[in-house]
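To start, the structure under review is shown below, and the notes come after it.
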Amino acid sequence: MEEFNESLEGLEEKINEYEKQLSLVREEIRKYEQPGNEENDQIKNLRKLECDMIEVINLTRDLINYKKQSKKNRHQGESSTPENGHIHEEDDETVHMLEKDNEENIEKVPMQVTNESAAVIGRTCSFIYENKKVYGVIENVVMENNIEQLLIEIFENSEKIVIPKNYVQLNDILQESSLSENNQYQALYRKDGQWYDCILSKSKGDTYLITYIGYNNSEYVKHDQVRIKKKKKIKEITTPAGYKIPENLIVKENDSLKVKMKKKKKRIALKKKQKSELINKEFASKTQQWRSFHEKAVSKSKHLLIAHKKTENIEYNNNHSNFNIRRKFDCNDNEE
């Protein structure tokens, strides 16, 4: 493993680069992941890439901690072991005090934590833990090795872990303005960390009263533990004739005769509906074309009629000047 022989500075630079790439991947996920859209293959590939990158970052961070601890142990061994091989009691007490201070640093919230970081306390979040996505609530913000860490309680097993802030993604808050009668909702159940279909009854502060569908039990949940249910879009297959058939209506080899007949009946009804819609669409298109042609013809006829009337008026106005007014006694003046 090449990383094992690298220096601490090189490993830290690699982690910074990995974190930049991870943020780009998460931006792509947020771009394609919209409420109402299904989780397609592209999002699944991006999520897998996100898990792999987080695993690489965690391994690299563990390697950095291992190298730092090894370096610290070597330094303590050199300073505490005299030439005769005996360890001073004072140095032993110093090591014990350092270990105690490290434990206290994890438990206490230091003053260096910013207000922005402290604002996430109590928020619901998700992250990758043991190669799967889990949910939990942020209980505290701590500083460890000058890095902000989050103390999180995982919902499904109530386990508490400390994880860097960059690896955590906060749940979106469901605002009251986003509520609609046409939407379906899901709530996050704390005991197993899974999403279940629910009905929203009312809001109270930053919580919603929900009722789980199929379980008939109600409870108040936080506004970041409720989401709009994503609509699953069934893949369609286009036939040679141009009909679009859902993938679940395609007959499979292991389907029973009853299922095959049921699928066939639905396909026939769907084809009739699509054919009727196509005929109506073509009729509407032809009607629109005829109307457009008729309007152009009428407009052209009006234009020609107006031009013809103008010509007649001009000819009528010029006809009265065809005769000449003669002077008196200008006829046969030279006859005599």
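From the backbone N, Cα and C atoms, a Cβ is placed for every residue, glycine too.
A TrEMBL annotation is a machine prediction, not a hand-curated record.
What TrEMBL says about this protein:
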- 1-35: coiled coil (COILED)
- 68-91: region 'Disordered' (REGION)
- 178-236: domain 'Tudor' (DOMAIN)
- 254-281: coiled coil (COILED)
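A mean pLDDT of 75 is what the model gives for the coiled coil (1-35). Taken through DSSP, the domain 'Tudor' (178-236) splits into 1 helix, 31 strand, 27 coil.
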